[in-house]
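J.: So TrEMBL has the following annotated:
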| type | residues | note |
| --- | --- | --- |
| TRANSMEM | 14-35 | transmembrane segment |
| TRANSMEM | 136-160 | transmembrane segment |
| TRANSMEM | 180-206 | transmembrane segment |
| TRANSMEM | 242-260 | transmembrane segment |
| TRANSMEM | 272-294 | transmembrane segment |
| TRANSMEM | 364-397 | transmembrane segment |
| TRANSMEM | 409-429 | transmembrane segment |
| TRANSMEM | 449-469 | transmembrane segment |
Amino acid sequence: MASAIEEWNLHRRIALRVLMLVGVQPARLILGMMLTTSFLSMWLSNTASTAMMLPIANAILKSLFGDKDTSKDMNRENEENQASLQQNKLYTVPTEMQFLASTEDKDLAEEKELSSDALSDLKKEEEYKTNIWKGFLISIPYAASIGGTATLTGTAPNLILLGQLKSYFPECDVVNFGSWFMFAFPLMLIFLLMGWLWISILYGGINLRGWKTKKSNIRVDAEARAKEVIKEDYQKLGPTKFAEQAIFFLFCVFAILLFSRDPKFIPGWASLFAPGFISDAVTGITIVIILFFFPSQKPSFRWWFDLKAPNTETQPLLTWRKAQETVPWNIIMLLGGGFAMAKGCEESGLSVWIGGRLHPLEGVPPPVAVILITVVIALFTEFASNTATIIIFLPVLAELAIRLKVNPLYLMIPGTIGCSYAFMLPVSTPPNSIAFSSGHLMVKDMARTGLLMNLMGVLLLSLAMNTWAKSIFQLGTFPAWANIHAENATSLVTAVENVTLSALNKI
């Protein structure tokens, strides 16, 4: 579905339309960028969303402030003029000419004073421009990482959680597309709003001291140019094509079917079939099959009635060649490898053994354990792939939850989402690397901004797990599907110990 959306530029039309609605003030544009990127990241990959939004951001920034190199040249030229004025002031004047030249000296002094004020204003504008530029660029990858957590298909760790739940706890049926969205979407919105406020205040988008001050004419003209750039880019897309309308309709059907399959609070359409026969994968495969044969141009019925009508081939909404090029097959293979590794850890008893070594955490209250786990995983993900991190940690968290006698989801869900809360380093996530490669950000910018983002993410996730997530996933009780796994794990440990003892006796 994401490949089809990218094929027909529907994501770009949505992005530009949102930016036209939010306005052209820097704080509003940053909010519009973050909302658009997070929404696209819910359905597209985080990397694709970031790569699509950064060129739009650069075009808007250039219209707002011009090219950075041009402004530096202007600043350098003003400094040279200032130096020449200082040199002119040092010229010696004959005594008999002082009275006649007094007016000229005053003019030179006034010119120097005006130039000094203009230079100071230019420095302030340059600093303001640099900060806004950084705020724009840093907000996009952060919004992509936050938005990917809102849906099960938004990012790879979410899919790994679902796969390992099916492997470890086959009877667990509380996590599906609808229940995850009800939990993660409010968390995403709150975190996105908090992140926007922090970035806007830190980089000058919102000025708490001078919010009543009048805008300069330079900024007013720049915002008008930015508005024209967005409008011009939107007009270049032309009128909405039939393919875009078809993709949007199928996308809405896709989302509605996913949400209504098994919403838990009312019977879903999956109840019309035998239990276990329908899953989210059925919805996905059905929609994708339609994409492969649905025409990208408005069908005409003339062919049925006119024997002389040309028999022209119509391009479908999605071709197999496009799917081969754009679908991340390497990620799919990586997910399969992660499921195999998790099953190997379970069958060999490695996850049980590691869980048994975590004795200090057994005396910690579960809410504190959630915070500690999220902090550890978020810091670990700053230096390692989030996919590899969650593959390693999920089996351990499942066994730890069984030892603590709490719902395994109470520890596994924070660990999964914590893998996406990596904001401090360029190497943390691919979106961070893409934004850093633009050349306008430094490592200290990401570290300074990302530190508080990480802290906010940990606290908000802990709040969500101890409030509305408890009623959605029934986290207040130790479920029966976890009891079955606990009994199997106990028998596995006993068997391993018996084998070890028998081997030692023989020795």
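Glycine residues also receive a Cβ, built from the backbone N, Cα and C atoms like all the rest.
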J.: Which listed stretch (14-35, 136-160, 272-294, 364-397, 409-429) has the most C-beta pairs under 8 A with the transmembrane segment (449-469)?
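T.: By the under-8 Å Cβ criterion, the transmembrane segment (449-469) pairs most with 409-429.
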J.: At an 8 Å Cβ cut-off, counting only pairs 6 or more apart in sequence, do the transmembrane segment (364-397) and the transmembrane segment (272-294) clear the bar of 3 or more pairs?
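T.: No, the transmembrane segment (364-397) and the transmembrane segment (272-294) are not in contact.
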J.: Six or more residues beyond either end and a Cβ under 8 Å away: which residues meet both conditions relative to the transmembrane segment (180-206)?
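T.: 26-27, 30-31, 34-35, 38, 128, 131-132, 134-135, 138-139, 142-143, 146-147, 149-152, 158, 259, 413, 417, 448-449, 452-453, 456-457, 460-461, 464, 468-469, 472-473.
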